[in-house]
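These features come from TrEMBL:
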REPEAT    43-115  repeat 'Solcar'
REPEAT    124-206  repeat 'Solcar'
REPEAT    219-301  repeat 'Solcar'
TRANSMEM  44-66  transmembrane segment
TRANSMEM  87-106  transmembrane segment
TRANSMEM  126-145  transmembrane segment
């Protein structure tokens, strides 16, 4: 049975007008979803970028010493001792990279996640979260890898400042030196990002269904801490490999990921792949709490501004 599109559009318009007269203002904003769709991607991307940048900077500033200790534990070979001085070494340069990297990650993750959730069946939401986490990690890696290389070289005492680190790395190793360990970084971070965000999102979904309400800030923080700690523990061996490849410099004692793995096994044994697990789990657990807490709060504050802007169109 066919319907005259003109009659349908007039009826729809009358329906909208009648609702706008009788219903509260916030209901009107929810009607015009089709008109808003062309702008949704840009809005979600920008809001995600702002929230991600805020969360990333707060976490790095608060927990940088733990990250430094973890890096030094993983970098030292055999029974060497680590130095507990200069635990904030390289923080300023790291923040300069973390801010855009976190913005890109969440800016890509959020719209990718929302798009996949619309496509995937409800029972496959975990797959959407896993994929979105990996896509966000891949997109931000172009900034995260050079940032990580410079940070870890400074944490292990190779350089005194970020500008010196960049200049000398490029001079000795070429531009590719800033991307040392790139493949191992992806090997660690793509599974890490996918698993952490999947655990976090799935726990939030389950908790919301059980509680039948939105979660509070402390609840988001606790779920974030749990997701971070679990993911940090299971990806520690990958992190050890990544650290060794990134801090080796121009000496190139490890020729590839497989060579790195075989050398560590031969010289130090399997237990070497668990180096730094304690501070890593502590760092990422606390970091997950802060990151997701700040992320959700920032997203909430940005969302509260949307109705005012959209109502101007009514």
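For all residues, glycine too, the Cβ spot is worked out from N, Cα and C.
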Segment confidence, the repeat 'Solcar' (124-206), expressed as mean pLDDT: 90
Number of helical, extended and coil residues in the repeat 'Solcar' (219-301), per DSSP: 73 helix, 0 strand, 10 coil
